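Chemist: The transmembrane segment feature in Swiss-Prot is assigned to 4-24, 38-58, 68-88, 101-121, 137-157, 175-195, 214-234, 259-279, 290-310, 323-343; the stated evidence is sequence analysis.
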Amino acid sequence: MSNAITMGIFWHLIGAASAACFYAPFKKVKKWSWETMWSVGGIVSWIILPWAISALLLPNFWAYYSSFSLSTLLPVFLFGAMWGIGNINYGLTMRYLGMSMGIGIAIGITLIVGTLMTPIINGNFDVLINTEGGRMTLLGVLVALIGVGIVTRAGQLKERKMGIKAEEFNLKKGLVLAVMCGIFSAGMSFAMNAAKPMHEAAAALGVDPLYVALPSYVVIMGGGAIINLGFCFIRLAKVKDLSLKADFSLAKPLIIHNVLLSALGGLMWYLQFFFYAWGHARIPAQYDYISWMLHMSFYVLCGGIVGLVLKEWNNAGRRPVTVLSLGCVVIIVAANIVGMGMAN
């Protein structure tokens, strides 16, 4: 396995670790509605950071974006909006299926759809079937899916042991939402694929290869921001128990506390895709679809490890922790299989 591929896998791991941890600051926000908290964090992660970093990277910010036709920008934007819809469905999936089953089904579907649909769309699916490297990466995707399933089972055992149940368990509704969440969340993978002309244009302007994907986030995350912020603002306006004005009428120190924590959560959310871009840049072009598989499987891996570090599994008993550990090992094995496949 080459150093470039190893570093690509490593940066995807770092990005996934940030994704697994990003909600921790949000949990410390006090006396704010989820909608206000999510909006503040989202403005930081989907608007301020992508625009600020792109402005630093590009020699002429407006000239860069105005150089693309609508036919180039629109698919990137719409796939970003597609991801935004998946993001909203994610919370509803947890409500009706519970954390473990909801995450397992949604992540499993988005891993498959986001990874395998990209080469199909590009007409390169034969690479997966007809080459040794392609077959190995395909095997790695399958092993990763098994690992996600094992970690999901560990979560179910933990919830059963600790008496944790879904907020409003509804299998039929939950499964529909989980499938929708999995499919729509893959929009981020499709957006990155559609944004290749933007990456190439950034490279032509002299942007470092590690950073060429970052300017496309202005458009991708702009699409996601409209969906997420629109959802939050509509609820803040229509739901009687929610009030943006009330949330910002608290004591000034508490408002500052909440804004800073929400902004930190937004920063950590953004960093997952900052390092995703670094990892993506190190993956061989013919296997770039594997970036999504690495990100999603490492997200599950890091989520399990973070849960252990935060002692969320302390009262779960030995069996759930053993199953979780097995699932984490399987995901690590999957990453190595994929790495060896890309090296062929």
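Cβ coordinates are placed from backbone N, Cα and C, and glycine is handled just like the others.
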Chemist: In the same chain, which residue numbers or ranges, 6 or more beyond the ends of the transmembrane segment (137-157), come under 8 angstroms Cβ to Cβ?
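Modeler: Tertiary neighbours of the transmembrane segment (137-157) are 99-101, 103-105, 107-108, 111-112, 115-116, 128-129, 287, 290, 293, 296-297, 300-301, 303-304, 316-317, 319-321, 323-324, 326-331, 333-339, 341-342.
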Chemist: If we skip the immediate neighbours and take only residues 6+ beyond the ends of the transmembrane segment (38-58), which ones have a Cβ under 8 Å from one of its Cβ atoms?
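Modeler: Residues packing against the transmembrane segment (38-58) from afar: 26, 64, 202, 205, 207, 211, 214-215, 217-218, 221-222, 224-225, 228-229, 232-233, 236, 258-259, 262-263, 265-267, 269-270, 274.
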Chemist: Determine whether the transmembrane segment (214-234) and the transmembrane segment (323-343) share at least three Cβ pairs under 8 Å, counting only pairs 6 or more apart in sequence.
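Modeler: Taking Cβ pairs at least 6 residues apart, the transmembrane segment (323-343) and the transmembrane segment (214-234) are not in contact, as fewer than 3 fall under 8 Å.
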Chemist: Under an 8 Å Cβ to Cβ limit, what residues of the same chain, 6 or more beyond the ends of the transmembrane segment (323-343), are close to it?
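Modeler: Contacts with the transmembrane segment (323-343): 1-2, 5-6, 9, 13, 132-141, 143-144, 146-155, 157-158, 283-284, 287, 290, 293-294, 297-298, 300-301, 304-305, 307-308, 313.
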Chemist: Can you say which of 4-24, 101-121, 175-195, 259-279 has the most Cβ pairs under 8 Å with the transmembrane segment (68-88)?
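Modeler: Of the candidates 4-24, 101-121, 175-195, 259-279, 175-195 scores highest.
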